[in-house]
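Take a look at the structure set out below.
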Amino acid sequence: MNLFVALLCGCIVVGHLLEESRWMNESITALAIGLCTGVIILLTTGGKSSHLLVFSEDLFFNYLLPPIIFNAGFQVKKKQFFRNFMTIMLFGAVGTLISFAIISVGAIHFFKRLNIGELKIGDYLAIGAIFSATDSVCTLQVLNQDETPLLYSLVFGEGVVNDATAVVLFKAIQSFDLPHINSTIALQFVGNFLYLFISSTLLGVLAGLLSAYIIKKLYFGRHSTDREVALMILMAYLSYMLAEFFYLSAILTVFFCGIVMSHYTWHNVTESSRVTTKHAFATLSFVAEIFIFLYVGMDALDIEKWRVVSDSPGKSVGVSAILLGLILVGRAAFVFPLSSVSNLTKKAPYEKIDFKQQVTIWWAGLMRGAVSMALAYNQFTSYGHTQLRGNAMMITSTITVVLFSTVVFGLMTKPLVRILLPSSKHLNRMLSTEPSTPKSWAVPLLNNGHDLESYESEQNLTRPTSLRMFLSTPSHTVHYYWRKFDNAFMRPVFGGRGFVPFVPGSPIEQNDQQWH
């Protein structure tokens, strides 16, 4: 543990020194340090072991992933996220299913010819789910929310929904008798998938609303800001563990819990608690991200996994190459067609995804990471290593794909963004033409209180009929009616900006802006 904590400190220091690099990012730095440490441990133990800890999916799913996904939901620019919500759901849900189908069919077609070992139909479908999961953690670090807001919201939002979809798919595959599948089982599969998706989202929303209601009613800040902060952190974690307990998608649950908490709960706490929670969630997420990549880098050199497949290195390379090819094709198969579908629903030029942006979205989502690793371990082994040839081949190939995609695709993403996308000055000019603080009825759905002033001035504006509004700009119409409902019913009950009691020590409305 001493060595691991020292390595985490080393990753932070090296990452800081490489901050200005156009190539490196924190995740690649942690992977590289993990690999170097693994090599040193291999040499000192005489080739017996390369890791300090065995990769544990329980550690990953129960302790490392929750703060990362929650902070992503808590810090996300909700205006961009919900403005592009339909596109994000298209990419994250429909796109993942397309990618899953292509990778599964490709795996069945190629791997049976290669004769890599005995794999069942459930294993091939699991491979599709494992490799359709993009690495949202790595994507967060290679794209900048301020420089490329549209791309960031699309790729990041898709990454979270994609991870959740992949995990839901994976769980659905494991729970069905696939060799004896028929139309009834197929319908059950679809129904189970939709149930998991919807119920997971609802649980996250309910947990966020409950935390907002409790903190608003009891107003802990009168006596202790520590209690407020502790309750927010624990309620967020409780939502994740409840989802695991009920066999739902905990990723979706904690993500939407983060969004709801930032919209309601965060405005109900004292100003000092606001600063504390934002930094606490960001720090926990940051440390967990570095820990994961350090962990994956060290575990990649585990000698036991490689010994089983050491007699046929060519076949192992072939399997990894096929998987990388399927990932490239599977992602292209949905990014370009679904972008065209999304563009049909957008009228303003700045809302449409042009070809260069589509290429960047395709490329930025090619990285595979710790979610793929954890799912692969879950499917092909329960002890961190395996003696079955087919299973060992899949574990080692997953490690190879994760390392290659994170390092190669990750290193090339930043330069690609600079080559394909306009410079920051031009981008700022483009964004300045966008109605980010609209004076019309086209109000964003949720914006952590941004644009509230412009909303107040909208009340006297004349608007077209509801039906005409909905047909011309459906997303903006939903935003407008959601805002009306939110101000009339939700905020008075659950708090939020404008409904916090003005008592000593409470959040002050006019000082609110500085924390955004």
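In case you wondered, yes, glycine gets a Cβ from its N, Cα and C as well.
If you look up TrEMBL, you'll see 1-17 marked as signal peptide.
The feature domain 'Cation/H+ exchanger transmembrane' is assigned by TrEMBL to 5-418.
The annotation transmembrane segment is assigned in TrEMBL to 27-47 (among others).
Sequence-remote contacts of a segment are chain residues at least 6 beyond its ends whose Cβ falls under 8 Å from one of its Cβ atoms, and for the transmembrane segment (59-76) they are 53, 136-137, 140, 153, 156-157, 160, 163, 236-237, 240-241, 244, 250-251, 254-259, 261-262, 266, 278, 281-282, 284-285, 288-289, 291-292, 295, 370-371, 373-374. According to TrEMBL, the feature transmembrane segment maps to 59-76 (among others).
Per TrEMBL, the feature transmembrane segment maps to 88-111 (among others). Only residues 6 or more beyond the boundaries of the transmembrane segment (88-111), in the same chain, are considered here, and those with a CB under 8 A from a CB of the stretch are 81, 119, 121, 124-125, 127-129, 131-133, 153-154, 157-162, 164-166, 169, 197, 319, 322-323, 325-327, 329-331, 333-335, 338, 341-342, 361.
The transmembrane segment annotation in TrEMBL covers 193-215 (among others). Through the fold, the transmembrane segment (193-215) approaches residues 93, 164-165, 168-169, 171-172, 228, 231-232, 235-236, 238-239, 242-243, 246-261, 263-265, 268-269, 493-496 of its own chain, all at least 6 residues removed from its boundaries and within a Cβ separation under 8 Å.
Within its own chain, the transmembrane segment (235-260) is flanked in space by residues 61-62, 65-66, 69-76, 78, 81, 160-161, 163-164, 167-168, 171, 196-197, 199-201, 203-205, 207-212, 214, 446, which lie at least six positions past its ends and keep a Cβ under 8 Å from the stretch. Under the heading transmembrane segment, TrEMBL lists 235-260 (among others).
Positions annotated as transmembrane segment by TrEMBL: 280-298 (among others).
Summarising the annotation, TrEMBL assigns transmembrane segment to 318-338 (among others). Sequence-distant contacts of the transmembrane segment (318-338), counting only residues of its own chain at least 6 positions beyond either end whose CB sits under 8 Å from a CB of the stretch, comprise 87, 90-91, 94-95, 98-100, 102-103, 106-107, 110-111, 114, 116, 127, 131-132, 358, 361-362, 365-366, 368, 393-394, 397, 400-401, 404-405.
The transmembrane segment feature in TrEMBL is assigned to 359-380 (among others).
With a cut-off of 8 Å between Cβ atoms, the residues of this chain six or more beyond the transmembrane segment (392-412) that come close are 23-25, 27-28, 31-32, 35, 116-117, 119, 123, 127, 130-131, 135, 138, 142, 293, 296-297, 299-300, 305-306, 308-309, 315-317, 319-320, 323-324, 327, 363, 366-370, 372-373, 376-377, 379-381, 385-386. TrEMBL lists 392-412 (among others) with the feature transmembrane segment.
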Sequence-remote partners of the transmembrane segment (27-47) [C-beta within less than 8 Å, at least six residues beyond its ends]: 3, 7, 10-11, 14-15, 18, 137-138, 141, 289-290, 292-301, 303, 369, 403, 406-407, 410-411
